[in-house]
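What TrEMBL records for 1-22, 508-531, 778-797, 960-1080 is region 'Disordered'. Positions annotated as domain 'FACT complex subunit SPT16 N-terminal lobe' by TrEMBL: 27-194. Under the heading compositional bias 'Basic and acidic residues', TrEMBL lists 508-519, 1016-1036. If you look up TrEMBL, you'll see 558-712 marked as domain 'FACT complex subunit SPT16 middle'. Taken from TrEMBL, the feature domain 'Histone chaperone RTT106/FACT complex subunit SPT16-like middle' applies to 837-927. Marked as compositional bias 'Acidic residues' by TrEMBL: 961-972, 985-1015.
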Amino acid sequence: MADNRNRNVKPANGKPPPAAAANPFTINLDNFSKRLKLLYSHWNKHGADLWGGSSALVIATPPISEDLRYLKSSALNIWLVGYEFPETIMVFMKKQIHFLCTQKKASLLDVVKKSAKEAVDIEVIIHVKAKGDDGTGLMDTIFRAIYSQTNSGDHDVPVVGNISREAPEGKFLETWDEKLKNAKFELTDVTNGFSDLFAVKDETELTNVKKAAFLTTSVMRQFVVPKLEKVIDEERKVTHSALMDDTEKTILEPARIKVKLKAENIDICYPPIFQSGGEFDLKPSASSNDENLYYDSTSVIICALGSRYNSYCSNIARTILIDANSKQSKAYEVLLKAQEAAISALKSGNRVSSVYQAAVSVVEKDAPELAANLTKTAGTGIGLEFRESGLSLNAKNDRILRPGMVFNVSLGFQNLQTETKNPKTGKYSVLLADTVIVGEKVPDILTAKSSKAVKDVSYSFNEDDEEEEKLKVKTEDNGNETLFSKTTLRSDNHEMSKEELRRQHQAELARQKNEETARRLAGGGANAGDSRGAVKTVGDLVAYKNVNDLPPPRDLMIQVDQKNEAILLPIYGSMVPFHVATVKSVSSQQDSNRTSYIRIIFNVPGTSFTPHDANSLKFQGSIYLKEVSFRSKDSRHILEVVQQIKTLRRQVNSRESERAERATLVTQERLQLASAKFKPIKLHDLWIRPPFGGRGRKLTGSLEAHTNGFRYSTSRPDERVDVMFGNIKHAFFQPAEREMITLVHFHLHNHIMVGNKKTKDVQFYIEVMDIVQTLGGGKRSAYDPDEIEEEQRERDRKNKINTEFNNFVNRVNDLWGQPQFKPLDLEFDQPMRELGFHGVPHKASAFIVPTSNCLVELIETPFVVITLNEIEIVNLERVGLGQKNFDMTIVFKDFKRDVLRIDSIPSTSLDGIKEWLNTTDLKYYESRLNLNWRPILKTITDDPEKFIEDGGWEFLNMEVSDSESENSEESDQGYVPSDVQSESASEDEDDDSESLVESEDDDKEVSDEDSEEDDGKTWEELEREASCADKAKRDDSDSEEERKRRKMKAFGKARAPEKRNPGGSLPKRPKLRLYDAARH
């Protein structure tokens, strides 16, 4: 316990002042005047109800005590004059204020006389009690003043308000209390009046509360949580009381955690509370016992602490879950949701009762069985008192919330039961508490930086311990001689069981996935319509509105009007204008007689490859000029005209393309810039991808986080991009480790324009290393001091940049943690490099890494950002023995969307990818061939019922398909060894005709297998045999069974979903396609 708790100390900071001669304390007269005026206006306005119709207020402050307590009289002292005056009596009347105190206190209070007169025109009279005097004579003087100045009105005697709940302490106050009761006064309790007066805090008070909350949050984040993690990790035995003492010392000495607050202004609200091991008390009066911290599996730890700054309180409580079971996790998640609902209800104009009702509604909806265990209140008002009377957040309080009120929102489930054999974990409670300021629109959570998300409070420490315990038991049962063999067997069994568990999980995922797909297809979730290759539309083409706008002719020569984007052609002696957008192509040539020709071809309806724009559809019945040619002796003019037309066409097409892109953009909200009072969060000297267009030198810019979005801008006024928080789907932060850049990346819901480019991905980055080339060209020594210094500078630069980005990301995460952004569910995700793998998603090899919600590649362009919950299934293709790499095909839930292929993944990454897919609940299949997915998806969307009837995605199950095909072949044909080779060859050839094998590695594999089967034959013999087999195959007609089998082969030797109409089966591609693809 600390020695300097709230011992009813004199100053607000918790320390008694020194002797009067050297008294450095002065009363803030501005605060005194303002608050005295507020006291009298509140008293006059609410005198009949909150102040009990009192005509005088009598407040007696008790002497110093070692007990930790909160009193209204002490709170009034600190609120009004900034210090607490023990054994002092204050009497407020309509025309006078009387103080009865010792000489030292009187000298300090003497300065308020003038301020009181100026503020409320009230006289301050100070009665000095001499040492050894019991003060009865001075008390009688005060009573006579009350009689003379108060107007009894409807009452026979004056009504005097006092704080009835505070019992007198010490001989002086006991004498005062006895004389007050014996005097002819009608006493009334004015506690509610003071509670309402203190409820709304001014700016100075809110600053004190914020500083207290900052200290409380810092202690929880930087001391309590790391301390508990270390204790549990090292399996140390530490008592709750020892943790309490260490935490208390940290609060009282903020320099320990590098918090720059003066220690003399700081105190604790209550001794920090640590509870575990089945014994829980959710009341603030609870204490930390001398039992050891209990952190075995399914245990719960509750820690709560509060600090004061200049006597203003703050509070926080967090629950830590160790290897939580499903019941404990659900209880915590429901509590977190209920507390967030309660905090969201703290809005100006709401009733206090609505806060608790919001929490109850969540519990009754999500976990009605826990409603009986919910605490009876959602917290209390907090300020100079830890629990402000009259501001309890319960279901019966009908007071109205006002801006500036501060609450300790504390909610918990108590005395919960869970099924466990351990009595110390069978009974548990969960608790959450935060300090919150009521705002005009949204509340301000002062302790939000201490995370309470499930992922941040859930710990799993015992997985390795369980494995070690099993091994230990086996070792004790068997001798040392069998230790190695048993351990080895156990390891093998463990690996086998792990693979078996994965298979079982995948089987369950297959069942769930087929049910989900069936529901979605039945509901029309994936339509057969194909949105690929949407045509661009161009507006009405008008070069000139009337004939008078035509430029004057120049000797019937071809003219290019850049301003009106038109070409004027001399036709039959007249200049006929054509808009440049109607020109399909223009060319020129010269014959042997130096005569030049220009040929202009126009876009007309009905010709191949003509875009069906709005103009051709609008004037389908009109007569179109398809082509025109001109001859000229002036070859220079012909070349100039061709160049002008091409340039103008390029400009118009670019503009129209950009206009069409912008036409499809979703309208974004306007960016609200941060006010000058709150500086925006910034990152400087960033590059952007995609870059702005233009031929000028590229410039770096700065990224700023404002009220509702980000703004990136360079020194050029036209280079600016706004990214709204509401448009961000995923946010990523990737520090430079093995890469050359550190970046933040935003994947958006809707496209935005960056320059003239339409994009859903915006990235901001800094290059952490400069590319340096040695001028000498020689290899430098590893011990060269300049080389070592250069490497150190590069490391320092990389660390500095990573730290700056990390600070930016943390501050933005804190901003997104505010209640108004909770529905957006935004948080920066960081790629997990240890799960990454190399592959080719587009044209270049890249390192692809998973995050908690996505699979991303953010270094090479175009970027890859795949949302995991949008994935239907993953098919691992070209998987087989002897393969050095394989491909991954990602099929999306939107069947209209093209699949994404990641090629050439090293086979060493196969097991890791399988494990990752399994742990993220993604169903994967394996196949030996690449599949042609576009016709497969079209077949599914054309006839979804047939797809479901045929087992859904199980046609991709290689094990089931292989076993079924083998059984069918055995039953139909029996064992015919002479036909095996030719049949295999024909199937391989059919695969080629289907153009499903797209990589050269597959061709090599097939040829390798053939060479192994025909061991001892030369390549020439094999080629002759293959040619003969091909010729024989073409001569013979195929049987019905073989055609069916090859059709199945088109879908990867599996049960393909067939359409009900036999005539609608997937067409085969000609062989020429395969050879063309191979050349490219």
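Sequential numbering from 1, following the chain as shown.
In case you wondered, yes, glycine gets a Cβ from its N, Cα and C as well.
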Secondary structure content, the compositional bias 'Basic and acidic residues' (508-519) (per DSSP, counts of residues):
12 helix, 0 strand, 0 coil
Going along the chain, which residues at least six beyond the ends of the compositional bias 'Basic and acidic residues' (508-519) come within the CB cut-off of under 8 Å?
872-873, 921-923, 944, 948, 951-954, 957
So how many of the residues in the domain 'Histone chaperone RTT106/FACT complex subunit SPT16-like middle' (837-927) end up helix, strand or coil by DSSP?
16 helix, 42 strand, 33 coil
Grab the pLDDT values for the domain 'FACT complex subunit SPT16 N-terminal lobe' (27-194) and give me their mean, rounded.
88
